[in-house]
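What follows is one structure encoded as structure tokens, with my remarks underneath.
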Amino acid sequence: MATDLGELLVPYMPTIRVPRTGDRVFKSECAFSYDSPESEGGLYVCMNSFLGFGREHVERHYRKTGQSVYMHLKRHVKEKATGAAGGAIPRRRNGKIFLDLELNRDFNGDGYEYEDEAKLVIFPDHFEIPLPNIEELPALVTIACDAVLNAPSPYKKQESDSWEEEIQVSRHARSLRQQENGVRIPPSGWKCAKCEMRENLWLNLTDGSVLCGKWFFDGSGGNGHALEHYKETNFPLAVKLDTITPDGADVYSFDEEEAVLDPHISEHLLHFGIDMLQMQRTENGHHTDNHVQPRVSDWEVIQEAGLKLKPVYGSGYTGIKNLGNSCYLSTTMQVLFSIPEFQRAYVGNLQRIFDYSPLDPTQDFNTQMAKLGRGLLSGQYSKPPMKSELIEQVMKEEYKQQQRGISPKMFKALASNGHPEFSSNRQQDAHEFLLHLINLVERNSSGSENPSDVFRFLVEERVQCCQTQNVRYSQRVDYFMQLPVPLEAASNREELIAYESKRKEAEENMRPPPEPVRARIPFTACLQAFTEPENVPDFWSSALQAKSAGVKTSRFASFPEYMVVQIKKFTFGLDWVPKKLDVSVDVPDFLDLNRLRATGLQAGEEELPDLTPPIVIPEDTRDSTTNNSLESPEIDESSVMQLAEMGFPLEACRKAVYYTGNMGAEMAFNWIIAHMEEPDFAEPLAVPTYMEPDLPSPSLPSTSALDNQPPEESISILTSMGFPRHHTIQALKATNNNLERALDWIFTHPDCEDESEAMSDTADTEPNDNSFSNANAHSDSSLSPDQDLSSPRVRDGPGRKCLPNTEFNKQYHFNFPRWLIYNDHKVCLSERPPKDLGYMYFYRRLSSC
């Protein structure tokens with residue numbers, strides 16, 4: 001028999017591999033479905049690629065690759081037999097336990113046992129060889145099988161490989177002496193104590209000085225004042241201000257010249273008023289602010305605790321298992337696959353996506369989206385228990401919900417790959433994840449329907465100079481309507497004032513605080529706060545050719561198919577503790593936004609001149625041009641020197657700072673990158689006047705604009721990849737000649753490839769004007785600001801919406817037409833949906849309701 005098996009496997013020996021370091025073995029989940037070894041058909045693991053496939057998909061992989069040898073894994077779940085006394089009879093677990101699978105939590109570990117079965121299967125004849133079979137199989141096959149059976153989870157391996165080096169604890173952390181100088185750091189508004197830098201700021205943990213870091217080649221950084229401070233004082237440790245989270249912060253040791261760990265970072269920050277320890281305990285639920293009584297009932301309200309909720313099963317009623325702080329992902333994906341456009345794009349095209357998937361489908365975004373959509377919508381993983389099971393449970397008086405749901409480990413690993421936050425196991429914000437996912441959908445929708453366009457709309461921004469009353473209109477793309485929460489508009493203001501008085505009195509008399517009172521905010525007040533004008537910081541008026549006060553108002557230039565409304569419930573206290581506003585907002589079921597429709601330039605309004613800032617006159621010509629030149633602002637010499645230290649010509653640095661309106665070195669650096677190929681890049685500043693006849697008109701393309709051709713080297717790189725020349729030029733112009741962004745632009749604007757070759761010549765010379773000044777006066781409001789006329793990306797329609805679903809921090813309620821609660825893997829009919837406590841609301845266009 002041993003000889004027969006050896007001869008049988010000889011033709012397939014070149015295709016059987018032993019997993020090496022770095023190989024991922026998928027023995028717990030199918031690449032195309034959520035079948036596992038516990039599924040009825042088990043799981044087939046390819047002995048060459050180590051990908052897993054359910055019974056429905058293994059034939060496709062065989063036909064596509066010709067790989068014939070698979071390991072079939074099957075886990076049998078059995079209820080333990082009971083003895084006469086009713087106790088479980090101890091049984092020896094099957095010796096062929098081959099997986100480090102997590103036990104299915106739907107089955108009580110004390111009442112069930114698991115038996116695993118493994119065998120080799122040879123396609124297409126489905127010849128089976130039971131395992132283990134050490135004596136009869138060739139040594140190479142035995143070693144390969146043993147390595148597959150004992151391989152760790154690919155997700156654990158990926159997590160451990162993500163750490164390139166281990167950061168060490170600083171030798172100064174334990175003995176750090178902090179000065180008692182009364183310094184307290186506010187939660188915002190920081191700037192360097194020695195210059196005007198407001199980014200890359202570091203807090204010295206000894207004396208509380210806030211200073212800027214060093215300048216980097218990519219245009220970020222500062223003037224190196226933090227390092228200078230260390231050289232003067234020898235205070236060794238500093239923490240980067242914008243990295244402080246409940247989980248830690250970026251700490252640097254100037255003495256050790258490397259990033260370090262500070263085990264006492266919370267105490268060191270608390271010394272300067274940054275209550276990081278309080279923040280962490282609040283988020284984990286172990287400790288709350290001493291002045292606020294924890295409102296346990298909030299969670300119970302959202303969970304609908306105490307109510308007997310009826311579970312539902314079938315298509316669209318499949319839950320998602322919590323992977324550990326993954327509710328932000330679950331709620332987002334449940335929302336998306338309730339939208340017809342996402343269902344059509346992925347589940348409707350499932351066979352095409354699967355058939356054309358790459359050899360490693362676990363790394364293909366569209367494949368994993370189609371897999372997740374089918375898992376949620378097919379009903380295959382949401383089946384009601386059999387009648388016999390229900391009767392048995394009733395007899396035992398232990399009814400158990402058998403809703404298993406799906407586990408999106410493969411999807412989470414792919415969608416979060418390379419993202420520092422989403423790839424962690426920390427809790428994240430659903431709003432930020434939805435933005436991240438929209439970006440992934442955009443990148444992977446080249447040449448096909450982009451379902452995220454249902455959220456896409458145009459915002460018209462009107463900026464007015466307060467001194468001259470001139471205005472400028474522009475448009476931008478957005479996906480969310482973020483509503484502020486005006487606490488001063490609470491309808492129970494008197495009750496809140498009374499509560500605050502009682503709380504202070506209880507604090508003074510050392511008594512327990514009163515029951516907290518939740519602020520009730522009218523939705524109309526949130527909407528009014530959204531429409532109020534806001535001040536524009538550092539506004540530069542082209543009418544005055546100087547900085548001035550400016551205000552901005554926003555209106556809708558188009559309305560999307562689905563309007564995502566986010567209630568901004570989070571803020572920071574003075575102690576740096578992120579606080580969730582305890583508010584109730586009476587969100588309506590129907591929303592009419594037509595009164596917020598943009599109108600464009602109105603009669604009697606005068607636009608701000610489309611002029612560049614006046615050029616600074618060099619010293620040697622200042623006297624001769626005083627009479628006919630406009631007085632110009634001075635150039636920020638500190639920014640000029642920062643750029644010059646990077647190796648750029650001094651005159652080019654001066655021009656960059658000037659043309660960006662003295663808005664800082666970072667903006668000037670971007671100007672340099674965009675203009676460094678121009679022939680007059682390093683020439684001195686010219687001296688134009690307002691009386692010069694050669695001054696270019698704002699309405700006509702200037703000569704410099706016509707000459708602003710992308711670098712030929714960049715064009716060659718992109719055309720060598722197979723993209724048309726006119727398409728690459730358009731992409732480079734739209735992204736300031738940034739190659740990486742240009743490549744993304746090409747993939748997200750595939751329709752531009754259809755332009756005629758006749759237009760390509762003019763595209764090489766004419767500027768790509770993406771300005772939106774007065775766009776409403778002469779353009780289609782349904783067009784995206786970064787697309788041509790032949791490719792509309794915005795689906796404009798009426799501003800009346802209805803509310804089909806709501807997303808909470810953990811739970812998700814859905815209207816089908818009645819409300820449902822998606823609580824991880826459990827899906828039930830909702831009895832009391834707490835709509836007023838929601839975080840994100842998804843409104844559907846009324847014509848579609």
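Positions of Cβ are set from backbone N, Cα and C atoms, glycine also.
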Which listed span TrEMBL calls region 'Disordered', if the choices are 159-181, 688-710: 688-710
Cβ-Cβ distance under 8 Å to Cys195 (Zn(2+) binding site), same chain, at least six residues away: Cys212, Gly222, Asn223, His225, Ser638
Env. residues of Zn(2+) site, Cβ within 8 Å of mean position of Cys192, Cys195, Cys212, His225 Cβ: Lys191, Ala193, Lys194, Glu196, Met197, Leu201, Leu211, Gly222, Asn223, Gly224, Ala226
Cys192 (Zn(2+) binding site) CB neighbourhood, other CB atoms within 10 A: 21
Number of Cβ atoms other than its own within 10 Å, given for Cys212 (Zn(2+) binding site): 26
